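**Q** Encoded as structure tokens, here's the structure I'll be asking about.
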């Protein structure tokens, strides 16, 4: 023990990096010398014994060099201790909340939101300008493939303006109406928004809808006209539409708005100064009890559920003990960080910031992360008022999904479950079909949402599914005052079976806003009238643009109304809609029968005006995909006991008279009668074999 000479026998100072038993003394004993002390969420045992900065632990002499302390877990930061900050965090910590700006980009689909976001990230140095960094915030393969934004994504930026650093938080939102819930949640973390308009297309349907959503939330709007470099661009017309439609203070000479080309980078440098000058900074008290809002969440295989949060009051650090005001569940914070643009751990999140946090041990169930929930420190529940939260999006389209091969059921079940963990707007329950076997009934926000889910399943998991025709929920009002919501068409009651017990049927309607050039207005009105729509208003603005509003049944939307609008207007019409409640309607259940046996996979609730058209379409199309049998196959479309349409598949012909002499008519007649009786008996007891591929081809649009 000569190396310890002069020390007291009770303890020794552990600074012996050369001793083999203490192979990582800096990591084990000095919280200040470990750069990763804030990102080790797995061992919470030292939280009750935080060490001061640059502390030297004194350990008993007899254990020195025994190897026992190699297993001591790394100390984690708590709200009582400090940890070394990176250069990035030191720069962030020096920025007061008055120089924070939280904003989002809202626009109609394909008006250039993601491209503008890329230019802003490049301008602030958050990403480098390269071809690999296109659509950097569109992280899903389906987003890059389709060129649309499906999931709202966030990013923190640092920007130098007039000699001072500003902390900017950007949210790139979806433009399609199916993902409206993503846009609404994004508003909760923002103080303003860039209202983006395509200079060649002008104000579109979803521009109108997004404006009123943002206006209702009290967001400050900064008008931006994009794509000014296109040959068809007309910025003056776009500015006039912004002024006339929304009463924004913009002029045709461009004052009051920012004219840019996000693709070419023209005038993009003027956007962020406009954000700083016009959008107000957030407010918050770092010394008040923690009050944070859960904006979004996703599932991580290693960390469990990761939360995207907006901090309103207080400061949250790794090691803090927090509680959910919605569920009462208690957690220990394991890691906090920002999206820059990828997850970047930090030692703290402060008021006004938007970032992510995970727990240690991790939150295991995505259902425990309730969007709109409020979290605070344990013990502060009584003094912190919860936020009202968000309205849960309601599925508008339901489909039955089945594996193309029943042997793949379990693998497909795992893939669907994993996707629904990160897309909570999808509802899922088990289903069974006599024709297609075991499957699921899935609920989606719209037809595009359903299509995107199917693409993600194929791209991310290599799995394919067979989907039935989309259906909307219907409501049955009983005479005893009760009501039932039907999402599975096979469960829709038949009037003949429940005669006198049903008061009426109801279907969901939407308030649709359609923007279209005036020259196509007549076609659009006819299409809406044919879809059982009721016109509510019509407004002409500008030289050529018209906005018409209709009350339309949701059934029209799943019947490819969007595609029909595009076809009737040569691609110029745009559609936006919102839920408009239930309306009484004449509804019936249309079944497809094969030899008088209903095929449960092909069943739909329709309006009485559509029964004949759809029934004839079904029997004609299904006949093309059913193989001939040894007996006659009758395909029928029926409502209750009433047959709407019929097609017949003739049996294979076997010449039983081939070996007979031509002069023996009685024998010929006898054999033909016997064959006829045999086919009749076979038809009565035989089952029609319909391959899965036949159903798949029939169900394809």
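Placed from the backbone N, Cα and C atoms, the Cβ positions cover glycine too.
Model, not experiment: these values are computed from the prediction.
The transit peptide annotation in Swiss-Prot covers 1-29. Feature annotation from Swiss-Prot assigns compositional bias 'Low complexity' to 23-50. Feature annotation from Swiss-Prot assigns region 'Disordered' to 23-85. Here Swiss-Prot flags 98-283 as domain 'tr-type G'. Feature annotation from Swiss-Prot assigns GTP binding site to 107-114, 172-176, 226-229; the stated evidence is sequence analysis.
Just tell me what is around each of these and how deep it sits.
**A** Along the domain 'tr-type G' (98-283), the predicted structure has mean pLDDT 83.
In the three-state DSSP assignment, the secondary structure recorded for residue 113 (GTP binding site) is helix.
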**Q** Measure the Cβ-based neighbour count of residue 107 (GTP binding site), defined as the other Cβ atoms within 10 Å of its Cβ.
**A** 24
**Q** Report, as a single number, how many Cβ atoms besides its own are within 10 Å of the Cβ of residue 228 (GTP binding site).
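**A** For residue 228 (GTP binding site), the count of other Cβ atoms within 10 Å is 20.
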